[in-house]
Protein chains: 2
Amino acid sequence: MEFNIENIMNKINNPKPDTWSQILKRPTKTIDDIEVTVKEIFKEVQKKGDEAVAKYTSVFDGIALDNYEVTPAEIQEAITLVSTELKEAIQLAKNNIYKFHYAQKAERISIETIEGVNCWQEKRPIQKIGLYIPGGTAPLFSTVLMLAVPAEIAGAKEVVLCSPPDKTGKINPAILYAANLCGVTKILKVGGIQAIAGMTFGTKSIPKVYKIFGPGNQFVTVAKQLATQFGVAIDMPAGPSELLVVADDTAVPAFVASDLLSQAEHGADSQVILVSTSKKLIAAVEKEIEIQLEELPRKEIAKKAIANSKLIFVENDKIALELINEYGPEHFIICSEYDDFYCNGVVNAGSVFIGNYTPESAGDYASGTNHTLPTNGYAKNYSGVNLDSFMKSMTFQKISEKGIRNIGPAIERMAEAEGLQAHKNAVTLRLKNLE
Amino acid sequence: MEFNIENIMNKINNPKPDTWSQILKRPTKTIDDIEVTVKEIFKEVQKKGDEAVAKYTSVFDGIALDNYEVTPAEIQEAITLVSTELKEAIQLAKNNIYKFHYAQKAERISIETIEGVNCWQEKRPIQKIGLYIPGGTAPLFSTVLMLAVPAEIAGAKEVVLCSPPDKTGKINPAILYAANLCGVTKILKVGGIQAIAGMTFGTKSIPKVYKIFGPGNQFVTVAKQLATQFGVAIDMPAGPSELLVVADDTAVPAFVASDLLSQAEHGADSQVILVSTSKKLIAAVEKEIEIQLEELPRKEIAKKAIANSKLIFVENDKIALELINEYGPEHFIICSEYDDFYCNGVVNAGSVFIGNYTPESAGDYASGTNHTLPTNGYAKNYSGVNLDSFMKSMTFQKISEKGIRNIGPAIERMAEAEGLQAHKNAVTLRLKNLE
């Protein structure tokens, strides 16, 4: 049977708002059965350390290793294996990511809230950072840049990177090259649940960290969630990648199609949505998808994702914006005459791409923005990874004698009304001392 | 038997670093049995909505309510019930909290990372905020200020506050007064697990929110954790409150004792630690604790917490700082000749109080800093609540024809090396179009 794009794409005409949540529903997965496995491995790593890590590396990665840490010799080898062209590309991307994240450095915010009461906020680095980089066919060295560059700018003392070894006990050279370039302090050949458990509890080989970043399969996702129950923070909850494009007749259909497909190739569960006020544009994009799809090496994956995709016609831009904010896309491309309207009005999105020459892949690799972004509607309540993700806000206050005279009586009254006499006392004693 | 402070306080002399983690250990609690109850109530609220909320309000709060929403008449009544003195105190505290959090407003950060590639970061408010305020004997209206003020500055569209009704179906007037003063959009008489479940799923009476803030007992804590599995964000993981004071002979022993006690009165599981390079100061503080403790209405609670407290002598300030950073205190008071050394060197702390006239209760109520802070060592990886807690960072990029020519080839190479052909295509198509 010939592949017919008309039959697989979901075109939706002017949907009523009360149907939006159904139309925009993401595929959900149950994780209950995975949880049991993850908890078991966590317990074993907590108890037995490296012994358990060795066991599961053998089980899941099919290799026995004596030493998990990547040696300087292995890094040197990796450097020679990466082509000059790719090195230059990585360097250009790194420069842009560095510039954008460095610009996010915040000065101390200091204010005298009332005479004699000085308060300030400072950001200090999280001292120990863990990065997880998946293995497999697609070596995500770009994610190494996205995480290690801001970690270094923030000033983390330790940046540990875990990535699973292949069957020969190696990590892809581009990953090692990027990690070395960006100041990662320790690289470990450990993957999956055992890597997350190792960074959570610490083992002889794997340092305990305070916050874990990075993508992964369902096992890694559940393991990161579990890590939070043991005092470790994580970047954000994960879900399949997604893209929403809003486009009108000012958009180039071939470009829009290429963006939708670049999202679709990520995985069969990727989400791809086009919202438009132009039926003509929708038809043209559909046609372009059919043409471009046939050329893709990963077309089988992309076809499955395209089958879940939605092409939604709406009557005007106001409705489009409402729908987009209800969805809260991870990636949001705007190719519209009214791009300012969308830029100003969007409140729920991870990263926004404006205009015909701003493909999503620019943000994935080299524009400078971060590609670790909230999926699954989390753009409603989570930030994408940024410099602050690697820091903590701390507050300071210094109160003078004049200051405590100014706010002391208010504190005494409030503490008393809350029934906290010792809180009141701490002020009363000081005020008496000043009499 | 007479109460003898000497017998109950733990004095530790010059502990070796390898014993620190044992000495500084916080009391841990198992939550497995609570989890079952919480999950059950979540399921029921998800399925039955208000019906389940009514059932558990009746079970836990001992009252049947027809209407959960606080009416304008009830708010008017609350306003008349709060004394003018307390109103003035609340207003002063609100002004300071407002000033400090307003100062945290961030401008858009914009940068041209390479010619033609413009990237910027903007913060936008989380649209729907939920606040939880516990009931009971101590009405935490101060927490209303700490959460509702920054929510309003951030620009949240909806701020819902849930607090359990008392046996007569009312919420403490000071809580209602503060909520009304700070722009809370809806106040609901719902408490405990059913409140958190209601804000997670939404019911007819309780709006669904995107992020939940606020303290609570163990049930509320576990419920907030569970909420994160249903797409809702929370302020931070919770634990018992704690204070660490570093003091030398420049400190006033009576003041230090009053601060330790004001922490101790929070609960029997509160953590209170004094670190000092002066044995003389430790002895003097101990004596003062004994004197002041006897005067406290909550002395039974405070005594229990004091029994868990530690008075630690260390040989010098460098060791003290290391120990403090290993502990990562929620509240950190510095009364030392070398306060700059500690201010600059502390990397793990929630809020820092400097000098003899800066009691912890100043930050709890009225200096302007936030009192919702990371406990349990979470100061190592979490910020205290601040303006950003109510916002999300979003990134934007706009690339010109010149810009895509500058970064396009690098993207093509990187996408190819990661095996993502469609990502490459999205750029190739555009570059070709420009030839």
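Glycine is no exception: its Cβ is also placed from the backbone N, Cα and C atoms.
Please treat TrEMBL annotations as automatic predictions, because they have not gone through curation.
Taken from TrEMBL as is:
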| type | residues | note |
| --- | --- | --- |
| BINDING | A:Tyr132, A:Gln194, A:Asn217 | NAD(+) binding site |
| BINDING | A:Ser241, A:Gln263, A:His266, A:His331, A:Asp364, A:Glu418, A:His423 | substrate binding site |
| BINDING | A:Gln263, A:His266, A:Asp364, A:His423 | Zn(2+) binding site |
| ACT_SITE | A:Glu330 | active site, proton acceptor |
| ACT_SITE | A:His331 | active site, proton acceptor |
Expressed to the nearest Å, what is the distance separating A:His423 (substrate binding site) and A:Asn217 (NAD(+) binding site) at their Cα atoms?
49
Among A:Tyr132, A:Gln194, A:Asn217, recorded NAD(+) binders, what is the largest CA to CA distance in Å?
13
Out of A:Tyr132, A:Gln194, A:Asn217, A:Glu330, which of these recorded positions is nearest A:Ser241 (substrate binding site) by C-alpha distance?
A:Glu330
With CB distance below 8 Å as the criterion, list the recorded positions among A:Tyr132, A:Ser241, A:Glu330, A:Glu418 that sit near chain B.
A:Glu418
A:Glu330, A:Asp364, A:Glu418: which of these recorded positions has the sparsest Cβ neighbourhood within 10 Å?
A:Glu418
List the Cα distance (Å, whole number) between A:Tyr132 (NAD(+) binding site) and A:Asp364 (substrate binding site).
17
Among A:Asn217, A:His266, A:Glu418, which are recorded as binding-site residues, the nearest neighbour of A:Glu330 (active site, proton acceptor) by Cα:
A:His266
Pairwise CA distance, A:His266 (substrate binding site) versus A:Asn217 (NAD(+) binding site), rounded so that it is a whole Å:
12
Which of A:Gln194, A:Ser241, A:Gln263 has the fewest nearby Cβ atoms, counting only those within 10 Å, among these binding-site residues?
A:Ser241
Taking only the Cα atoms, work out how far A:Glu418 (substrate binding site) lies from A:Asn217 (NAD(+) binding site), in Å, as a whole number.
48
Inside 10 Å of the Cβ of A:Asn217 (NAD(+) binding site), count up the other Cβ atoms and send me the figure.
15
Go through A:His266, A:His331, A:His423, the listed binding-site residues, and name the one with the sparsest Cβ surroundings, counting other Cβ atoms within 10 Å.
A:His266
Mind computing the max CA-CA distance among A:Ser241, A:Gln263, A:His266, A:His331, A:Asp364, A:Glu418, A:His423, which the record assigns to substrate binding, rounded to whole Å?
56
